[in-house]
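Listed in Swiss-Prot for this protein:
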- Tyr112, Lys114, Tyr134, Asp141, Glu371: alpha-D-glucoside binding site (BINDING)
- 224-240: compositional bias 'Basic and acidic residues' (COMPBIAS)
- 495-520: compositional bias 'Basic and acidic residues' (COMPBIAS)
- Cys108-Cys143: disulfide bond (DISULFID)
- Cys307-Cys313: disulfide bond (DISULFID)
- Asn464: N-linked glycosylation site (CARBOHYD)
- Ser508: phosphoserine (MOD_RES)
- 261-272: repeat '1-3' (REPEAT)
- 280-291: repeat '1-4' (REPEAT)
- 295-305: repeat '2-1' (REPEAT)
- 1-20: signal peptide (SIGNAL)
Amino acid sequence: MRQRQLFSVFLLLLAFVSFQKLCYCDDQTVLYESFDEPFDGRWIVSKNSDYEGVWKHAKSEGHEDYGLLVSEKARKYGIVKELDEPLNLKEGTVVLQYEVRFQEGLECGGAYLKYLRPQEAGWTPQGFDSESPYSIMFGPDKCGGTNKVHFILKHKNPKSGEYVEHHLKFPPSVPYDKLSHVYTAILKPDNEVRILVDGEEKKKANLLSGEDFEPALIPAKTIPDPEDKKPEDWDERAKIPDPNAVKPEDWDEDAPMEIEDEEAEKPEGWLDDEPEEVDDPEATKPEDWDDEEDGMWEAPKIDNPKCEAAPGCGEWKRPMKRNPAYKGKWSSPLIDNPAYKGIWKPRDIPNPDYFELDRPDYEPIAAIGIEIWTMQDGILFDNILIAKDEKVAETYRQTTWKPKFDVEKEKQKAEEEAAGSADGLKSYQKVVFDLLNKVADLSFLSAYKSKITELIEKAEQQPNLTIGVLVAIVVVFFSLFLKLIFGGKKAAAPVEKKKPEVAESSKSGDEAEKKEETAAPRKRQPRRDN
């Protein structure tokens, strides 16, 4: 009885802890989209004519899990979901996370999200396009030389009032495979931003650091004076020609770089009177050739056959060699410039656009938009999350992404091992077939050559017969071995030594040998490697 009571208490505690954790996750979760249900009504497709791509509610390949699918190649796509209320990014930690899978790979296309700021009055989700202003853009992008996980903060300059895109420097690369990957951006109150790929930190940066973002959120305190000009007498030459240097008297600037080799002699047998090319004697004028329309017909040229055996034809000329007296154009040696003042640059003045920030002046997030152009289909978005706690994002990664990724990884590993085994088998078969082709040409196997050749050809057409062919060849060898061993021990039959019979026997043997040679199959051409 007491054990039942303890067990009941344990279940109640477990249920309470689970409920508390669930409540905590719900409290810290701003938005979570699993796409378990069709997205119609929650996500609004842009009606802009540029966005012809069709979004579909589809399963991830190999899973029962649904996502938002890019279904067509070479299209622009636009879709948006509004938050129930704008999220203030200035208060505490904010985590942006989502999964994306390139089921057909990714050669050229984007798969990033735009976290839209509140739009102007009159804006509707149906009008979403590339001009719809955002606060943050985050996610993978790959095309040509571009291969990065974007993190772009669009920040309002407090001096000019203009919005400026600040790009994360040296962002992580996009994983190059067809597996599900989860991308996470964590914004901390201390201005730190961390980028995670599959839960692993790939980049840490400070939003206010000029070393981490381009351009920097906080401008430089000083700038070059735009009105400052270089003085006319400012000399930037570190070296100058020596004004006291004199050209040596024996310096010949006109001497050529190369001269004829006077020691060279014409090779013996050189055919001076033979041209290198002659008319093709076998060429004939085409029957439809019209001299008036096509011009005078001339036979095509071929290499002079007489020159093939000779060291050369035509006029012989001495080869050229480097001129030992060549020195080129003389110039004065360089010396340090006594008037050198260094490279001029304008003086620095206080930057009139300088301002200071303790924290970025984030714009609230009012909606999530996907606005991409891609050459690939099969891009699947899933489990889009906005949370206020890193642990919540980690929980979602472990429960939604990790199980799928593990299954996909195991499948990929099995496919790679199978492909490796297939390549190994092909190499093995090539070695076997090359060896069997050589075996088939052995003279003492001439009686069996046709059978061996037939077996090899069948095996080449059906590589899975390789083992069977090897067994068959072994049987042939074994049979031949037995015949040689046991057949050689039989007593020779008595033959009367009669010259006519011997001659007749010899003659018939020669004829039989000739017939056998005639009947033997033609030597098989070596197999071409595939």
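Cβ coordinates are placed from backbone N, Cα and C, and glycine is handled just like the others.
Keep in mind that what you see is a predicted model, and the values were worked out from it rather than measured.
If you look at the repeat '2-1' (295-305), the same-chain residues 6 or more away from its ends with a CB under 8 A from one of its CBs are 274-281, 283, 285-286, 289, 313. The closest partner of Cys313 (disulfide bond) among the binding-site residues, by CA position, is Tyr112; the full candidate set was Tyr112, Lys114, Tyr134.
Each residue in Gly110, Leu113, Met137, Phe138, Gly139, His150, Gly369, Ile370, Ile372 lies on the same chain as Tyr112, Lys114, Tyr134, Asp141, Glu371 and has a C-beta within 8 Å of the C-beta centroid of that alpha-D-glucoside site, without being one of the site residues. Ranking the binding-site residues Lys114, Tyr134, Asp141, Glu371 by Cα distance from Cys108 (disulfide bond) puts Asp141 first.
DSSP assigns Tyr112 (alpha-D-glucoside binding site) to coil in the three-state reduction, placing it in neither a helix nor a strand. Within the chain, the repeat '1-3' (261-272) has long-range Cβ neighbours (under 8 A, six or more residues past its boundaries) at 306-307, 310-316, 318-321. Most Cβ neighbours within 10 Å, among the binding-site residues Asp141, Glu371: Glu371 holds that distinction in the structure as shown. Over the repeat '1-4' (280-291), the average per-residue pLDDT in this prediction is 91.
Looking only at the binding-site residues Tyr112, Lys114, Tyr134, Glu371, the one with its C-alpha closest to Cys143 (disulfide bond) is Tyr112. Using a 10 Å Cβ-Cβ cutoff, Tyr112 (alpha-D-glucoside binding site) registers 21 neighbours. Summarising the alpha-D-glucoside site geometry, the residues cited as binding it (Tyr112, Lys114, Tyr134, Asp141, Glu371) extend over a maximum Cα to Cα distance of 17 Å. According to its DSSP assignment, Cys143 (disulfide bond) is in a strand. Sequence-distant neighbours of Tyr134 (alpha-D-glucoside binding site) (same chain, 6+ residues apart, CB-CB distance under 8 A): Lys114, Tyr115, Leu116, Arg117, Lys154, Gly369.
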